[in-house]
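Working notes for the structure below.
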Amino acid sequence: QEVKLWHAMKITAFVLATGLLVFTALANSVSWYVQNIWDPPGHFWQTTWLKFYYLFDGKEWTIFLLGAALVPSLAFWCFNGILMVADVTGKPAFITRYRIQLGKNDPVDTKKLRQAIYIALCNQFFISLPMLVPMFYIMKWWGNTFSKELPTFYWFLVELSIFTLIEEILFYYTHRLVHLPLLYKHIHKKHHEWTAPIGVVSVYAHPVEHILSNTLPVMTGPMIMGSHIVSIAAWFSIALITTSISHCGYHLPFLPSPEFHDFHHLKFNQCYGVLGVLDYLHGTDTVFRQTKAFERHRVLLSLTPLSESIPDAPRRAE
């Protein structure tokens, strides 16, 4: 088993390194065109950033707190607020048509929902927020985080790809770690109380898990790269919204598919990662690949729910 794991890790490193090189090569040509489109609004964002910077007199801690805490939190709760209205009321029907696990959370148990909101807020205020303190000093040490000049769009794309790879690696292995029987029983089982998850459940977890699997994988990339606070704010917001989509329980049009992680909540021992690359290499998605959920695991480009166009096979009568 150790030899198999080591072999899989070597393959993972090769695939990720190759992917990064290919991405960089493509980015050189694609980003040139994107940069030309980006330049005019880029001046707008640079001017806006300077106004914001001088509004707070360049106070770095205040700027860091607003960018790394307030902006991502607002993005998270605004997005999940819309989802929770649909979960509780069943309206708008446009959203509820796209429910993945039909008949579940229809409507959601309001008592469980209140508990999930309470735990989510506790994790954000009493764990994520204090963890920003050491991160702040690490970013100050780098010296680029509060620069008056914004990073180029090209560099932000490079950072975003690196952040995503780092998060995938750290989340996959810490997630598998908390699935070990002892840790699962005392730590991760809390998160799996929701076999049919909803958006806010993305940060409904034991404090230890929230540190290991939810927060550190997202924070590590910017700390390694010494990223600008604007890049950090954008990345944290993207990460929170993406994990909310993965847990939301709805396969909505034009958004990333949540089928992969929803299947993990349904079966527990499949689909541990975010992108699915490491699951494929480690063979932890073999059952998932044999299901209708795998066929539905793609971006929905029409308004017809995939549960209708690719329905589950009818159950045999006993």
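Note that the numbers count up from 1, one per residue, in the order the chain is shown.
Placement of Cβ uses the backbone N, Cα and C atoms for every residue, glycine included.
Packing against the transmembrane segment (61-86) from elsewhere in the chain are residues 52-53, 92, 95-96, 108, 113, 124, 128-129, 132, 135-136, 139, 145-146, 198-200, 203, 229-230, 232-233, 236-237, 239-241, 244, 248, 250: each is 6 or more residues past its ends and has a CB under 8 Å from a CB in it. Summarising the annotation, TrEMBL assigns transmembrane segment to 61-86 (among others).
Annotation source TrEMBL lists transmembrane segment at 116-138 (among others).
As annotated by TrEMBL, transmembrane segment applies to 153-173 (among others).
Secondary structure by DSSP for the domain 'Fatty acid hydroxylase' (162-284): 86 helix, 1 strand, 36 coil. Per TrEMBL, domain 'Fatty acid hydroxylase' is recorded for 162-284.
According to TrEMBL, the transmembrane segment annotation covers 224-245 (among others).
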Residue numbers, six or more beyond the limits of the transmembrane segment (116-138), whose CB comes under 8 Å of its CB atoms:
60-61, 64-65, 68-69, 73, 190, 194, 198, 200-201, 203-205, 207, 210-211, 214-215, 219, 222-223
